[in-house]
Amino acid sequence: EENGHQNKRLKRDEDEEGVEDQNKKLPKRKIVLLMAYSGKGYHGMQRNVGSSQFKTIEDDLVSALVQSGCIPENHGEDMKKMSFQRCARTDKGVSAAGQIVSLKVRLIDDILEKINNHLPSHIRILGLKRVTGGFNSKNKCDARTYSYMLPTFAFAHKDHDVQEEVYRLDKETLEKVNQLLACYKGTHNFHNFTSQKGPRDPSAKRYIMEMFCGEPFVRENVEFAVIKVKGQSFMMHQIRKMIGLVIAIVKGYAAESILERSWGEEKVDVPKAPGLGLVLERVHFEKYNRRFGNDGLHEPLEWTEEEEKIAVFKEQYIYPTIINTEREEKSMANWLNTLSIHDFNSSAVEMQANKNSK
């Protein structure tokens, strides 16, 4: 009996080695993966090789790629070897419904199923497409769409005593929010909406194609709304600060004129909304699709067939995480209490002078 067990085990080991050898013979191909993930508990998307204390989405992804046999182990340690490139670096706690990564893999059978088997359920690969050899998901991406889900009591005026579960956004306030969000459209100097960039840094100029807040809806007795923003590219914390400043204006902490001022050269105190509600919705490859999408060899990078899977993932993992975390940790409610500390009227120079004189 013992011999029988041993023979079975040896056969299994041989089978696994056979599969591994077969994988090694497969040619490597450049592909893109469509990813969705809930970012809670992660320090963003991008892997910090050599730093194991901060877990990132890419740590889990690379481990699944190695375990499924798509990439050799040494490629996991040095991601340049597989020409790995993410389309967007999402910050700590931020989720994605349509993140894209490009990389070279061995095209094994049932590849998506095998990768997903080695991933936690809150990270899914929803689609895969072959791309040109020189494709780089970051450089070839010509726009990104993000959404930001927030409880609507964030827009209640500061002088009104608001009960969070009872508050409902009225039509006039929603119109006001949309009028302010529309001001961001076009090209502006967003140096005040990120850190480490001066007013004369050309890379602080960014182009926003659209920004609006949709109709509110109720979940778990609390009313929420979703802000959508599409832009060429965004800097660290930019979207959260754009939304933070609009909330400060609608609540009556800051004058509307602060928007124009923030694009000027002076340093303006811009508050940063919590990261919790931010989701990378989709990335756009319009130029690439025009050039290669119908060349007979490559598919356009559009994900119409995956739309349903994306919607199901959001309903199952992203929205419940945002709603439950908001209810338990009150990240928006706590952040709103900090708005009164900001000085929206004076520039940084005046603020410093006041501190010195005190």
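These residue numbers are counts, starting from 1, taken along the chain as shown.
Each Cβ is built from the backbone N, Cα and C atoms, and glycine gets one as well.
Here is what TrEMBL records for this protein:
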| type | residues | note |
| --- | --- | --- |
| COMPBIAS | 1-10 | compositional bias 'Basic residues' |
| REGION | 1-23 | region 'Disordered' |
| ACT_SITE | D91 | active site, nucleophile |
| BINDING | Y146 | substrate binding site |
| DOMAIN | 184-286 | domain 'Pseudouridine synthase I TruA alpha/beta' |
Average pLDDT across the domain 'Pseudouridine synthase I TruA alpha/beta' (184-286), rounded to a whole number: 95
Distance [Cα-Cα, Å, rounded] between the residue listed as 'substrate binding site' and D91 (active site, nucleophile): 13
Other CB atoms, at most 10 A from the CB of the residue listed as 'active site, nucleophile': 18
Number of other Cβ atoms within 10 Å of the Cβ of Y146 (substrate binding site) across all protein chains: 24
